[in-house]
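**Student:** Residues annotated as domain 'Protein translocase subunit SecDF P1' in TrEMBL: 70-127. TrEMBL lists 129-229 with the feature domain 'SecDF P1 head subdomain'. Residues or ranges marked as domain 'Protein export membrane protein SecD/SecF C-terminal' by TrEMBL: 230-401. What TrEMBL lists as transmembrane segment is 7-27, 252-270, 275-295, 301-322, 343-368, 374-394.
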Amino acid sequence: MNAKYTIIFILILAIIGMGVFVEINGLSLGNYDVVPIKEGINYGLDLRGGTYVVLEAKDTPNDPVNDEKMARAIATIRQRVDALGVAEASVAKQGTKRIRVSIPDIQDQEKALEIIGKTARLEFIGPDEKVILTGGQVVDSKGVYQSNETGAEQPVVTLKFNSEGTKAFAEATEKFINQPISIVLDGQVISAPHVQNAIATGEAVITGQQSLEEAGNLATLIRAGALPVNLEPVEIRSVGPTLGQDTLSRSIKAASIGILLVFLFMIIYYRLPGVIASIALVAYMILFFGTLVTINTTLTLPGIAGLILSIGMAVDANVIIFERIKEELKLGKTIRSSIDSGFSNALSSILDGNITTMIAGIVLFFFGTGPIKGFAVTLMIGIVISMITALFITKYLMRLVVKMNLFTSTKLYGA
């Protein structure tokens, strides 16, 4: 037995074991905390719960949809979603006239549509039916409680205009004293207060809200601005948090059973190299999940499928290597020589398979949508890490085992 290489091998096992412990339980090092993987990973709607909406822009005879309007619509919806304070929400273009919105933690479909799909075209219209100003001249809006004439608190939306709006509103309120000015949202009059005196402060109030939440939502819509196109929902679905958690638990259970069966097969069929491959696959999973957390990738159900497929690619690489090693051993070569030749002979096959799969992943990422992109991201990450573990970690561990001089029988290497 070579004590030096045995100690190195044991240290590597200890490091891998520590990696597993840290990823499962987390670690606190002074001011720096490593959170457990289950808390550090961002989960998609299918695993976390939330609402998924696809909106389609509709052409009108005088106002056709174009790329510039779609870009503005996406920016406006993103502002509205960001104002909700929901983490990991996403807004993206799908095709030429569709927008895909994913909002985690919100299962109320009506609320989601109210926030993201409402046009929110705000207008102040005088008794002469001419537009005085629009929501584009509002610089700030808030949902607050305010006392009415009787002293009771009521939810309202406060508005603050820019200089142009302030001037227009002052002129209109001076002109229309004792007459109503209608506040119109998306073609519907939501309030029509009578002007009692000229208002030159550049501020106004919208009443008629049933709750502070409703007032806050309207303020958010006004603040984000009106959508430049009319959007209609073509797909909307919600996943409850319980269902999402159940899906995640089932996926983890299925993946764990599958991985354990792979370990068992590798060890029974390839013996000592199978043990080494199992250790390398544990290192693979440490690196994979660590990468997901580091680059802040969202894990979805298709993403888990990509992970499992990439594990299969890693196992396939090991199978190719071990078969080459067995062939070399049958030719009468030494164990060390067989390992070196086996890795060299397997390299081209492994690279060919992984590179072609990587190309497919890149195509899926750039031309796919939502779930397909999630699958592509985890697949590409997994392929890169599987090549590292198969060609470097497995190879290094195999060489260490040989140098330890503990396992010298060729039968232990599958011959």
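The backbone N, Cα and C atoms fix where each Cβ goes, and this holds for glycine too.
TrEMBL does not curate its annotations; it predicts them automatically.
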**Student:** Can you name the far-off residues of the same chain, 6+ from the ends of the transmembrane segment (252-270), with a Cβ under 8 Å from a Cβ of it?
**Tutor:** 277-278, 281, 285, 304, 307-308, 311, 315, 318-319, 322, 413-414
**Student:** Can the transmembrane segment (301-322) be said to touch the transmembrane segment (7-27) if we require at least 3 CB pairs below 8 Å and skip pairs under 6 apart in sequence?
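**Tutor:** No, the stretches stay apart by this measure.
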**Student:** With DSSP, how much of the domain 'SecDF P1 head subdomain' (129-229) is helix, how much strand and how much coil, in residues?
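**Tutor:** Result for the domain 'SecDF P1 head subdomain' (129-229), in helix, strand, coil order: 29 helix, 39 strand, 33 coil.
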